[in-house]
Structure formats: C-alpha cells, structure tokens
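Features as listed in TrEMBL:
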- 4-38: domain 'Cadherin' (DOMAIN)
- 39-143: domain 'Cadherin' (DOMAIN)
- 154-245: domain 'Cadherin' (DOMAIN)
Amino acid sequence: ISGYSLVVQARDSGTPPLSSSVTVNVDISDVNDNSPVFTPANYTAVIQENKPVGTSILQLVVTDKDSFHNGPPFTFTILTGNEEEEFTLDPHGVLRSAVIFKHMVSTEYVLCVQAKDSGKPQQVSHTYVQVRVIEESIHKPTAIPLEIFIVTMEDDFPGGVIGKIHATDQDVYDVLTYTLKSEQKSLFKVNSHDGKIIALGGLDNGKYVLNVSVSDGRFQVPIDVVVHVEQLLQEMLQNTVTIRFENVSPEDFVGLHMHGFRRTLRNAVLSQKQDSLHIISIQPVAGSSQLDMLFTVQMHSGGFYKPAYLIQKLTNARRHLENVIRISAILEKNCSGLDCQEQHCEQSLSIDSHSLMTYSTARISFVCPRFYRNVRCMC
C-alpha cells in the first residue's frame, strides 16, 4: 500500500461538545528492496551469418516491483562471453552484432548479462543469453499476388488498411520485411513488418499498380499488387437490388465465390455485353450467418436498370446462380418486413462512406462502405 488517508476528529468536553476534523495523509516511502527481473529468466536467440554489423539480435525485457525512481532506467552490462567484443548492448537492452559472424568459425556464444536498477543502493540481476549462429538464407521468399477492390462514394474515401500481403519463407529464422517503391506523392504505404497495405484519403477512380517487394535480408522478391478503385454515383443507390446469401462469411464470399458469382450474375442480368455490373457493398446480416450483397447495373447508354427489371431477371436465373452459392432471398419488396396495407411503403438506402469494411484474404481484398436500409410505412 503506497499511502493512507486518515480523517482525525478532536472533540471537547463542553456542553454541547464541539469538534473539528482534519485529514492526515501518510505516504509510504519506497525502499529499493526488489531486484530487476528478466522476462524470461534466460534467453536464446539466433543470428544468420554474414548479417551486417549492428544487426539486432535480441531485446531484453526487464521489470522492477519498486517505485519508478527505484526501477528504470536500467544499466545493462555484458559480464562474460564477450571477450572478443562480438556483441554490443545498448541502454535500451537491445543486443546487436559488432562483427560479421561466420558459421564455420563458431556456432554458439553464451553471454552473462547484468542489469542494475536506478535505486540507492542499486539492485542487480543476471541472465544468460545463448546466441546461435546459423547459415544464411538459401531460399527466396514467396508471396501471393494480391488484388484489391475499393468501392467508395464520390471523392469521399477516408483511407485506411485495405489489405495484407501474405508471404512465406522456407528458412525458419528469416525475418521478412516489406517495401513499397513509390513516388513522393504516393497514395499508398506498406507496413514494413506485417505487409499491411494502407491507402491514404482521396483516391481517384481507376487502377493502381503498386511496386511492392518482400525481402529476407538476402533475397528480394517483387509482389504483384493491383488496386481497383470504383467511385459510386448517388443515382446508383436508387437502383439497387440486394441478394441475401445463406451460411457464408464475407471473407469466404470474397475469397471463394465473388469472381464466379459475379460472372454468373453478369450472364443472368446483363442485356448487352457493354452494360456494367457494380457491386456496391457486402455486409453481414446482424444476428445471423447470412450475407447481403448490394449491386446495380448500369446501361451502356449511361442510365441504370430499374430494380423490378433486375429482380425479374434474377428470379428466372436463380437456379443457375445457386450453382455457385446458396441464395436465401432476393429482397424485392420495398415493404419487406413491414405489414402495410396495400404496401404503401417508402424505402431509402444510405451509405456511410466513412465507415469502411475491409474483407481481406490472401489473394483478394474487398473494401466497401457500410450501408443502412430504412423502410417506413406511408399508410
């Protein structure tokens, strides 16, 4: 317990008795009686041969149960095992190489490391670090090409994570890093550690080819990453149809079914090859395993097919569509879910362009805005 707060009252012996109170705060001063603690108690690490001087090998983690002025910052020292000065240890506890290691010269080093806290008198702890020198990489990284589809309202894309590169390496201890070679005003970034691709705000309609590569420190491999950006028009929202699928997650739909279903859907509803099918959004149905897909079809002449026409086409082709994925319903009635006399209802669809949903798989990523369907009775 670091302190106590007492309320003390003094009462006299008069009639009536009078009293007053005072608060007494008692702080318990900390004595430096706890040594630093390494987590874990001992360490093992590896470094590949031929890595450059200064390569990070290990991060030491130290805690102290004393108060902050008796704990960090800690002072680290290598006591034994570093007679040839092959290693350095910085004030933050990062162990680095001070030479270029060769597997044929030595395969293992054992260091005894000391940590001192900042108290008076100082408390000391020790740990042992085993460093193995392994052969350098012999396998190149492999990466899966990634295609990203972004749907956004006109010039209203807020930016964010739009996908992730999946790369592997057969060398067990290789650490992969990702880079994006870009111009000064690039609209994209890549996280160097995990391969996540980030888009900045204000993407224009069109196709972007990203110059991304992955490296294991020895080999660098290019990755095909293509980003398609489609901007929605307000008129599209007034001519949408929703197909509801049964027992499918958004990621499974994107990764396994989207391309095939899109192709089958085009054959079912397009009157001319020049017409354009636009998938506006996909979104799970709350509280169920169902999934809604919102789409519209633009005519070659520029207008949009009416929902009633698309629904008729879908109904006729439903059996063919279900060869790809099971359909739960085609939301065809504006009054769906409402018991209105003579079906006098008004349905509106709203898009939240700043609430993006990203469904990412190893090969395909689909980024779309969240939508809301509002239906009210006009009886």
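Backbone N, Cα and C define each Cβ position, glycine as well.
TrEMBL labels come from automatic prediction, so no person has curated them.
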Based on DSSP, tally up the residues of the domain 'Cadherin' (154-245) by helix, strand and coil. 4 helix, 46 strand, 42 coil
Take the domain 'Cadherin' (4-38) and count its residues per DSSP category (helix H/G/I, strand E/B, coil), listing them in that order. 0 helix, 19 strand, 16 coil
Helix, strand and coil residues within the domain 'Cadherin' (39-143) as assigned by DSSP: 3 helix, 47 strand, 55 coil
